[in-house]
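Participant: I grabbed these lines from TrEMBL:
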{"type": "TRANSMEM", "residues": "21-39", "note": "transmembrane segment"}
{"type": "TRANSMEM", "residues": "51-72", "note": "transmembrane segment"}
{"type": "TRANSMEM", "residues": "93-121", "note": "transmembrane segment"}
{"type": "TRANSMEM", "residues": "127-148", "note": "transmembrane segment"}
{"type": "TRANSMEM", "residues": "155-175", "note": "transmembrane segment"}
{"type": "TRANSMEM", "residues": "181-203", "note": "transmembrane segment"}
{"type": "TRANSMEM", "residues": "229-250", "note": "transmembrane segment"}
{"type": "TRANSMEM", "residues": "265-283", "note": "transmembrane segment"}
{"type": "TRANSMEM", "residues": "303-328", "note": "transmembrane segment"}
{"type": "TRANSMEM", "residues": "334-356", "note": "transmembrane segment"}
{"type": "TRANSMEM", "residues": "368-387", "note": "transmembrane segment"}
{"type": "TRANSMEM", "residues": "393-416", "note": "transmembrane segment"}
Amino acid sequence: MITLFSKLIDTEEKKRFITNFFSLATLQGLNYILPLLTLPYLVRVLGAEKFGLLAFATAIVGYFIVLTDYGFNFTATREISLNKDNKEKLNEIFSSVMIVKSVLFFVSLIILTLLIIFFHKFNVDPWLYYLTFGTVLGQILFPVWFFQGVEQMRYITIINIVSKVFFTIAIFVLVKHSSDYLLVPFLTSLGAVFAGVYSLILIRKNFKIKFEFQKTNVILSYLKGGSNLFFTSVLSNLLTTSGTIILSFVSTNTVVGYYSAAEKLFRAIVGLFTPITQALYPISCRKVNQEGNAKPYIKKLGIIVGGMALLVGLLVVIFSEKIITLVYGVAFQAYSYILAVMMIWLFFGVVNNIIGIQYLSASRKDKFYTSSFVVAGLVTMILNLLLIPHFLINGVLVSMIIGEILLSICMLALIFRFKL
């Protein structure tokens, strides 16, 4: 596979790509293997109902993660990649982003508290949502965007391995009954916060980056710079999690549990492509800004990564029933079709990353990416509201797939229309 990508990048970039790819591949491999250990255990111990409740809480908190991320995983990564030899600029970027994220964290906490106070579905189990919310703090403290920007992803790998192994062991040791379901978000949040704190220590020690209070106009410039991709991230989350949330309101936690179990496996499969796209992004930021190099680079990237997604998708479709039965047991066999259908979502999701992130975002054409997401996000939400109350899980699948396909069509239409 590395040989395929060697045609896209030069020797020096190749070395960094290989190092970063294997660092992220190790991490994603861990992200893939550990859930395969814990998911079947949690589904069996907690039952579909409690598992569905946890999935709903995770989906809700996912919106707060998007809010506090504010698109910085792309914009801050890009700015650090372009200024990684300028220590003063790195201090400015790091400090400004952390300030914005901290403010958004407290805004998120206030919103969650209001939801718990005024809505019955939340106030019947407030601790579930507060404990799950701990992952937001962990996400703020762990500046993945910094390590991506300086192309030192091995630090991400080391930190995450320690925290995730701790979480996995703790799950098997402490979670024994369905009444222990609150321990799952608690342990997840604890691992995330630990990883975040340790990453900040590494940044201070190894990269000599210092937190410095910034002028208001500087902070606002970063806030403005991340706005397009923030809205894109919100809409992306809308595309991926609104189905779970609406399903939670119109059906039982058990139904949500069956859907979420299949979706967790789908996310693990999607995770196979994360090290590739994350390791390529800093390189794409440079390649697509070189005159005459952007489109040939993206076309080759599309053929290679898109082809890999198609192959993986076909294999999962063929073996979906065996995969679901092996992981979750015979009781979930009837829901194996969910995983198979989601492979359409996988293919177009990878295509959309290449067009939207590796090309439009990397070349600072964020507004076209955002515009496409607005259309796709709104259509997906409307379809969710119309289809899920009548068709439940099948309604979610149809809405999500149409949304991803529409996103591809919109981005390609804008690229050809404006000759981007």
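Just so it is clear, glycine is given a Cβ too, placed from its N, Cα and C backbone atoms.
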Participant: If we call contact 3 or more Cβ pairs under 8 Å (sequence gap 6 or more), are the transmembrane segment (181-203) and the transmembrane segment (127-148) touching?
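Facilitator: Checked: the transmembrane segment (181-203) vs the transmembrane segment (127-148), in contact.
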Participant: Take the C-beta pairs under 8 A between the transmembrane segment (393-416) and each of 93-121, 229-250, 303-328, 368-387. Which stretch has the highest count?
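Facilitator: Most Cβ pairs under 8 Å with the transmembrane segment (393-416) come from 368-387.
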Participant: The transmembrane segment (368-387): which same-chain residues, six or more beyond its ends, come within Cβ distance under 8 Å?
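Facilitator: Same-chain contacts beyond the ends: 228-229, 231-232, 234-236, 238-239, 242-243, 246, 356-357, 360-361, 394-396, 398-400, 402-404, 406-407, 410-411, 414-415, 418, 420.
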Participant: Do any residues of this chain, six or more beyond the ends of the transmembrane segment (155-175), have a C-beta under 8 angstroms from a C-beta of it, and if so which?
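Facilitator: Sequence-remote neighbours of the transmembrane segment (155-175) are 23-24, 26-27, 30-31, 34, 37-38, 41-42, 45-46, 142, 144, 147-148, 181, 183-184, 187-188, 190-192, 194-195, 198-199, 202, 206.
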Participant: Per the definition of 3+ C-beta pairs under 8 A with sequence separation of 6 or more, do the transmembrane segment (229-250) and the transmembrane segment (303-328) touch?
Facilitator: no
Participant: Ranking 51-72, 93-121, 127-148, 265-283, 334-356 by Cβ pairs under 8 Å to the transmembrane segment (303-328), which is first?
Facilitator: 334-356
Participant: What residues elsewhere in the chain lie close to the transmembrane segment (93-121), defined as a C-beta under 8 angstroms and at least 6 residues from its ends?
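Facilitator: Those are 60-61, 64, 67-70, 72, 76, 79-80, 83, 129-130, 133, 136-137, 140, 143, 145-146, 203, 209-214, 218-219, 221-223, 226, 248-249, in sequence order.
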